[in-house]
Amino acid sequence: MIILPHVTDASDLSGKRVLLRLDLNVPIEGGEIRDPYRIEKSLQTLNYLRAQNARIVIISHIGKGDPEDTLAPVARYLNTKFPTTFLSRLESSENERLTKEMEDGDVVIVENLRHSKGEEKNDSQFAAYLATLGDVYVNDAFSVSHRAHASVVGVPALLPHYAGIQIREEVERIAVAFKPARPFLFIVGGAKISTKMPLLKKFIGIADHIFVGGANVNNLLKSKGYEIGTSVYDKDVDGDLTELLESNRLILPIDVVVKNDAGSEVRPVNQVNSGDMIVDIGPETIKYLEGVVGSAQLIVWNGPLGFYEQGFTEATRELISLVSGSRATSLVGGGDTVALIDEMGAIDNFSFVSTGGGAMLDFLANETLPGIEALQK
Ligand code: 3PG
């Protein structure tokens, strides 16, 4: 069990500057927020701190840190909830003074952390600068806690530190996968199977069934000797996939959707041609999964089953409907998967929807994250 110092156990936050690391990395289109899910999830800790009369200094990244990646739209969105001041320069000698002039309950948000190269390098000077903006540090950014960045691991080494309400819930809810109710179905979609090998090797020993989708499955099919045509697969996989392929816990697709010069069509998995690109899981496979989902007590799922970027979302949508109707405890994460669930209005049908993509996978693989370890020191 992970024990974290919790913000609701912190004594007397009134009048203190709380440097609050959130993950407000939300999709922006035309200067407007396309999906405010992560901001909404942050409100619990924000409102708790406001009720404690803390002076809240929010720090977050957005995008990759290009000059046009700005938190200005996020500041505007927060301002519709409560008065929020935007400090438009990340590194400014003014910022410390401005935070010291705040009144109890005030909220400011500082511009994109990734405008400084020091953030991703966990530069000690940059961490020291950030620490001047708060008296106490709170991390409520589970979804970036797999990054050993200055605002995630550098600052908590310099200030008294606590876990926010959201990060604690993420940790507690996802940890059920380590002592699962059975039968336990584990579903991993998306791409880059090389980065998911530790996770798959671990869960092939824990889960009762593992279903691998997305481009990941193309590596498994190729290793098994099937033709995968022009399908996307990960060339960086070192070592072999035999352990996974030999396990009777691994469910491989029965059929797939392929794209070729003639359009797209469903094919049995052993009848893919050299000119075909596998882009989704086929309907017979989904029919088979219906039985597995129906008997599962726990379902943990991260990543879409098809080529999401090219619009092949059918199998993922079918599986969302199946899991929505199941009696299993269901945990799901990953930006694309959650976006589809949200679009289908099915968020409330899942037991827990993680804000994490990569962070959820790393936490499942390692049972901790750099940002969590930093809070335990
Ligand atoms: C995410 O969107 O998964 C987090 O904000 C982390 O972003 P990153 O993958 O750019 O580090």
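The backbone N, Cα and C atoms fix where each Cβ goes, and this holds for glycine too.
Automatic, uncurated: that is what TrEMBL annotation is.
Binding of substrate is annotated in TrEMBL for D23, L24, N25, R38, H61, I62, G63, K64, R114; the matching candidate from R147, R168, R173 at the same site is R147. Sequence-distant contacts (6 or more apart, same chain, Cβ under 8 Å) of D23 (substrate binding site) comprise R38, S42, S60, H61, A141, F142, S143, V144, T355.
Taking R114, R147, G334 as the candidate binding-site residues, the subset whose CB lies under 6 angstroms from any atom of ligand 1 consists of R147. Max Cα-Cα distance over the annotated ATP binders (K196, E309, G334, G335, D336, T337) is 20 Å.
Checked against T337 (ATP binding site) by C-alpha proximity, the binding-site residues N25, G63, R114, R147 yield N25 as the nearest. Listed in sequence order, the residues of the same chain lying 6 or more apart from G335 (ATP binding site) and placing their CB within less than 8 Å of its CB are G357. The number of other Cβ atoms within 10 Å of the Cβ belonging to G334 (ATP binding site), over all protein chains shown, comes to 25.
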